[in-house]
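What TrEMBL annotates here:
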type	residues	note
DOMAIN	115-229	domain 'Amino acid transporter transmembrane'
DOMAIN	291-551	domain 'Amino acid transporter transmembrane'
REGION	1-31	region 'Disordered'
TRANSMEM	113-135	transmembrane segment
TRANSMEM	141-162	transmembrane segment
TRANSMEM	192-212	transmembrane segment
TRANSMEM	281-301	transmembrane segment
TRANSMEM	313-335	transmembrane segment
TRANSMEM	355-377	transmembrane segment
TRANSMEM	389-412	transmembrane segment
TRANSMEM	435-455	transmembrane segment
TRANSMEM	475-496	transmembrane segment
TRANSMEM	502-526	transmembrane segment
TRANSMEM	538-558	transmembrane segment
Amino acid sequence: MEDDCRPLLGPDPTGESPSHRGSAGSLDIRTKRPFYVEPRNIVSDDPQERISAEAAILNSRVHYYSRLTGSSDTTLSPPNHVIPTPEEMYIYSPLGTAFKVPDSEQAAKNPSIVTIFAIWNTMMGTSILSIPWGIKQAGFTLGIIILIFTGLLMLYCCYIVIKSPKAIRGVDTSSWEFPDVCRFYFGKLGQWSSLVFSMVSLVGAMVVYWVLMSNFLYNTGQFIYNHAHNVSTSDSEYGTNGSDRVICPYPKTHPGRNDSMTSLCGRSYGNDSSGSSFDLYWSKTSTIPLYLIILLLPLLCFRSASFFARFTFLGTISVIYLIVLVTIKASRLGFHLEFHWFGPSQFYVPEFRLLFPQLTGVLTLAFFIHNCIITLMKSNKNQENNVRDLSVAYLLVGGTYMYVGVLIFAAFPSPPLSKDCIEPNFLDNFPSSDVMVFVARMCLLFQMITVYPLLGYLVRVQIMGQLFGNHYPGFIHILVLNILIVGAGVLMAMFYPNIGSIIRFSGAICGLALVFLLPSLVHMFSLREQGRLTWQSVLFHSFLIVLGVANLMAQFFIRPSSQLASGLQACPM
């Protein structure tokens, strides 16, 4: 009642200065709302509702004061007690009528089911192709345990990220992203750290895309050429017989080896021995990565990426088709499992292997969504369900990875092939003549061609925005940036086309900062400011940071350097 009687020109009871209340040109949503009339002053519930005489007088009074000063002066702006809430918005006409207007922000919100599948679709990337290889590297039993454990850790760290803006008191954080939260606690160092490591994940994804696009384009060309010229490659490929052939591109892989020679050199049987002009100009590592420059470099230079955003639905179609493909292949091949707990055998890998950090590196990127989860959750209609919806989304993602990884590993025909033949891209274990796999490669190729410019646009916006304050400072700036990004992809596709290793290193590097280190530090700083920090919390979140550091360091030490050297020496330069 005190507020109702307070003069409009009186001091703000909250102690806010006019500069903090916002102005007509500020981003404060209160200054954008129409004049407020209490519900009791609405006379009727008709589509054009009548307002009482008291409401009309108060409306005129506020409009009168608003014209006394310029729009940039907030001295006479309406006080807090006459600012409407979003659900009480009306537009008032001089005739004394009120029109109820739905909140545009609320109208754009998505229900929980849409939010859940948006998160699922965003996380479902190229990592799904390397999950069977990661399970093989860790061992079947240990791989399943690590997949569940890593998913739970990533979910908890993601929960910390979405809660971090709301834990800051006295500041409007409604438009903040996680880099803004890091800047609040750690200054520019925190903001730049989060941005740099976010760039690592994006550029790493673009490098993986270039390697995969080279792979898919090569196999697509091989399929078309072989069918056009009635060429059979079954005699030159080591694999099983029958309609559902499975091949081992490098059959003499060492049981403890990280990368097959195919992954290191990008070669397969029958790819370089025929001496035909087609093989000379259609090489997975020598020519295809260069051909892609002609197509993709101009697309990266587009000022806007809105055209490519229309094709994001292809990601969902591709993942669904992969799941169907895996299901059909597994049903036809059957399960081939034997449990050898610690010692290797001729056709099977141990259930527990020391190479398991390779799987943790892959999973860190596979479950990574921490740099954009706040944005995705802002569109959720029921904000109180954010934690539940995030948990359900992670459950679906983990279930998808588990389904694909377990079925491919279990259905891989051992004997006659060894489980150690499973490639970092499991589609490479199927011949180029396989029609279903050909369709999968075509779908993934087209999807990646449309998504690649979007990733490049995100990199450009963040880098150019920070360096020049403009997303498109000039064509030369954009061209130089794009050449650097494309050059990184071409070099990796030509000399080290192993998506498993690229994914695990990218995941471990960005995961250290954006999954384990910064969220844990932000959470501990927030608890300390609230006076709720306990030694148990410090111990647990410090343990998370140690896990992130160990995950990164293990990527460098899980394979003897002699094996890497021998593999690289076999690559033709």
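Using the three backbone atoms N, Cα and C, a Cβ is placed for every residue, glycine included.
With pairs at least 6 apart in sequence, the transmembrane segment (475-496) and the transmembrane segment (313-335) have fewer than 3 Cβ pairs within the 8 Å limit; the two do not touch. Long-range contacts of the transmembrane segment (141-162) within its own chain (CB-CB distance under 8 A, at least 6 residues past either end) are made by residues 131, 134-135, 178, 339, 341, 351-353, 356, 359-360, 363-364, 367-370, 373-374, 377, 386-387, 390-391, 394, 397-398, 401-402, 405-406, 409, 515-516, 519-520, 522-523, 544, 547. Residues of the same chain lying 6 or more positions beyond the ends of the transmembrane segment (502-526) and with a Cβ under 8 Å from any Cβ of it are 126-127, 130, 134, 154, 157, 160-161, 164, 167-168, 178, 181-182, 185-186, 190, 193-194, 196-198, 200-201, 203-205, 207-208, 211, 357-358, 360-366, 368, 370-371, 492, 496, 533, 537-538, 541-542, 544-545, 547-549, 551-552, 554-555.
Comparing 192-212, 355-377, 538-558 for CB pairs under 8 angstroms to the transmembrane segment (113-135), the maximum falls on 355-377. Here the listed stretches are 192-212, 355-377, 389-412, 435-455, 538-558, and the one with the most C-beta pairs under 8 angstroms to the transmembrane segment (281-301) is 435-455. Using the rule of three or more Cβ pairs under 8 Å, pairs at least 6 apart in sequence, the transmembrane segment (475-496) is in contact with the transmembrane segment (192-212).
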